[in-house]
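Down below is the structure, laid out as structure tokens.
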């Protein structure tokens, strides 16, 4: 019988593994087996950061991008003299389409979803049209009213959401929810009456933007209800953004003229406009990306709470930068509106608990 070799005898029979066979008697250094992430060359974003620090950085990025795009839009449209809000919005949409394509197809931040039917395509197209209306109105309003007043009006989104939900879906809220909306409306009336730089057209288009944002959320909940048609927020942006750019193109040509030529001619004498437009369009995409990241790492409720804080912080920062006059009554109206939004959120949570 052949004697079974032990590990020691096998090792000693191999001169390459024999420590005595080497002149310097060195031991072999066998490397550890690499992990799957190392073998595939995949490193997750923030893998070397603690979860709390990563969440804090994401929230800080969310505040920076959301307030940054507001201030950049205001500076471009009101102070720099670039009075083309439709073309600016179209640049935002083109930017979102390009960055979304790279983020989904190359960086793979979320799995790619495809449009499955013509019916789904037209539903997304309808959402894109509402989205265009809301964003163009919001950007246009910044030409005529301060950021602080713009944010006060924007805080009334829950009021319009409740109205559209009732008119379109006949969805009724509890009496507590409707009562919570009263200070939202009262606060904006108070702020409007005491706004030193009040402009009727700017006020109306800002209300239109707020209503459009609320309408989009209601319509999106109706159109994309089936599991097959539901799209991730980043995939929805990937399809909505190019559609929105196509919708805006004829409007900017008809209303604003040959803006592309005007912009190129301005860039020849002032290259800063290129930096402003590219930076503005990039930050516009980062708003959508950080919205997704905040929801992923916290919750949708946290995003809603941050939205209320952002409105107040954006108003404060804009007053510090642009030095627009404010009144005590205007600040009180803004505070009442924000308080009403908080009460509305709490009332909605309680009504959901009771219904379930």
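Keep in mind that glycine also has a Cβ here, set from the backbone N, Cα and C atoms.
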Which listed span TrEMBL calls transmembrane segment, if the choices are 13-32, 33-52, 53-72: 53-72
Annotated range (TrEMBL: transmembrane segment) out of 271-294, 295-318: 271-294
Stretch among 53-72, 148-168, 175-191, 271-294, 328-345 sharing the most Cβ pairs under 8 Å with the transmembrane segment (84-109): 271-294
